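Quick look at what TrEMBL lists:
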- 160-274: domain 'OmpA-like' (DOMAIN)
Amino acid sequence: MRAISRAMMMGAFLGLAGCAGLGGTFHAEDFIGQNIQGSDFNAHLAREYQSVARLEAKEHVNWYQSGLYTNKGLAAMGGETVLPWEPADFGVGGDADAWRNDLLAALDANRSARPEACARAQVMYDAYLHASDSVYPPTPAERAEQFKDALAACKGGAPVAAPAAPNAFTIYFGFDKYNLTAEAQRVVDSIVSALRGMAAPRVTVDGHTDTAGPSAYNLGLGDRRAKAVQKALTDRGVGAGAISTDTLGESQLAVPTADGTPEPLNRRAVITIK
């Protein structure tokens, strides 16, 4: 994302501290826990932004991005006209401008008749732009498909299907640590919720580290991180036989760095459900 656009968005996020249009001061954590009522377009829009804000905060531990989505959700709750982001703010080219124009036309024509589908289309467009600037799943291609499906439903095509339960989660660790923080425990709870009702799921846990420390040591640290997540899952009733662990140490960095570089986003465990 261009530096000026990131700064502008950060300013919008910081503005949350003073957002009192709904009777009080809101923060991202307050917003994602609310029970949003209503059936009009803005109510659906607020709930859709709440969903992606929750994903960013609870599963990706990305409170900055969660705050940006929260800001838009709160504006929708307050009855404001909330527009999709501009592709230029994220440095996205290609079809993004044409897709946005198509979306705006569909919203103008159909937001009253098909508020739920149109709200989802707008938020999936924003999520597509964000995915282009994010190391976390879903990928831009996956978000683009979700946007196209929702846009078709907004225009009057087949109803958009409910989003599938997420199948990938990331837990982050402190420097040279493998204990699970309170936030990490909440991610484990989300994993357990995603597993409910699944027939014979398989869970893989890959432990990763940053490049600080010797590579051999980091292989062991990655293993301890993966095993810590495995234990948290089995403590919650997930069968040990359904979970496999592996350590990748510093071999697959989320954020490329030079050797010997501490990097919080590389100190992680990636959990995948199949």
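Cβ coordinates come from backbone N, Cα and C, glycine included.
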For the domain 'OmpA-like' (160-274), mean pLDDT (0 to 100): 90
Tally of residues which DSSP labels helix, strand or coil - the domain 'OmpA-like' (160-274): 41 helix, 24 strand, 50 coil
